[in-house]
Amino acid sequence: MMSKRSAYIWGISILCFVVLMIVTPALPQSQEYHDFADQRTFLGIPNMLNVVSNFPFLIVGLIGLVLCHHGNYFRLSLQGELWGWTCFFVGVAAVAFGSSYYHLKPNDATLVWDRLPMTVAFTSIVAIFIIERVDEKRGTISIIPLMMVGIISILYWWCFDDLRPYAVVQFVPLLAIPAMAILMPPMYTHSTYWLWAAGFYLLAKVEEAEDKPIYGWTHHIVSGHTLKHLCAAMVPVFLALMLAKREIEPQRQSLLTIWKVSWRRVKESRSNGERQEYNYAEVRTTEA
């Protein structure tokens, strides 16, 4: 049975989404999006750098899958974690194929196959966070529904040329995951890796937006979109490193609490240092 609190949260979320869909206009896919700065053809491959820069996703995704299942290298103790991380690394590996296919011939039809695996990865991460920070059972149950919501948002865009649901699916995790990483006590150590991953993803979005200016700044060597692929591939790299290094957190404290304690110690250290300097200066004055 769903708790009353969970029912309220879901009810408010659905209500906010319905209001958003009512009060905002449809958001069609701009055709300028497909006009990338670097359209050079090498070795017979159109848009080659934007195509081959997806290769790291395949490598990281496959390595992550192997380490999840071969000898349980990541020490995933919960069944929901294993399913969640498996879906994540499958999505990451599939990005290499979907995004490469799209960049060979950029248009709305091929863009669908670029966005589908990315959405699987996004929604899997949200489910993993719920497992680790809120409740294992709820997080495990949410894996499939969250992925379905993501897939439906893409199908809605494809059918009605309206990106609003997809924008919610893409950008809510970008805000929610760093907030949860900072405010909610973790089950494991090395939580700061989540923030590194979020930082690289944010940098990738900036590079995507500045595709043509970056291409000009680098004298047509590399475009912002190519760099975006490489930076985005660093997200699963940092998460894989976190999985390899982390251990069960004996004292579950949020990053915010840890930062507050550290800042208090710094202030006390400064205060003690200033007090010692004052006492030393007072002694020197007395001796004089």
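Even glycines carry a Cβ here, placed using N, Cα and C.
The annotation transmembrane segment is assigned in TrEMBL to 7-28 (among others).
Listed by sequence, the residues of this chain that lie at least six past the ends of the transmembrane segment (48-70) yet keep a Cβ under 8 A from its Cβ atoms are 36, 38, 40-42, 76, 82, 85-86, 88-97, 99-100, 103-104, 222-223, 225-226, 229-230, 232-233, 236-237, 239-240, 243-244. According to TrEMBL, the feature transmembrane segment maps to 48-70 (among others).
Tertiary neighbourhood of the transmembrane segment (82-104): same-chain residues 36, 45-47, 50-52, 54-58, 60-62, 64-65, 68-69, 74, 76, 110-111, 113-122, 124-125, 127-128, 131, 139-140, 143, 147, 229, 236, 239, 243, selected by CB-CB distance under 8 Å and a gap of 6+ residues from either end. As annotated by TrEMBL, transmembrane segment applies to 82-104 (among others).
According to TrEMBL, the transmembrane segment annotation covers 116-134 (among others).
Counting same-chain residues at least six beyond the ends of the transmembrane segment (141-160), those with a Cβ under 8 angstroms from any Cβ of the stretch are 26, 29, 80, 83-84, 87, 108, 112, 115-116, 119-120, 122-124, 126-127, 130, 166, 168-169. As annotated by TrEMBL, transmembrane segment applies to 141-160 (among others).
Here the transmembrane segment (166-184) has long-range neighbours at 17, 20, 27, 115, 118-119, 122-123, 125-126, 129, 133-134, 149-150, 153-154, 156-157, 191, 194-195, 198, 201-202, 254-256, meaning same-chain residues at least 6 beyond its ends whose C-beta is under 8 angstroms from one of its own. Summarising the annotation, TrEMBL assigns transmembrane segment to 166-184 (among others).
Taken from TrEMBL, the feature transmembrane segment covers 226-244 (among others). Residues 38, 49-50, 53-54, 56-57, 60-61, 63-64, 67, 73-74, 76, 85, 88-89, 92, 99, 121, 190, 193-194, 196-197, 200-201, 203-205, 207-208, 211, 214 of the same chain lie 6+ residues outside the transmembrane segment (226-244) yet bring a C-beta within less than 8 angstroms of a C-beta in it.
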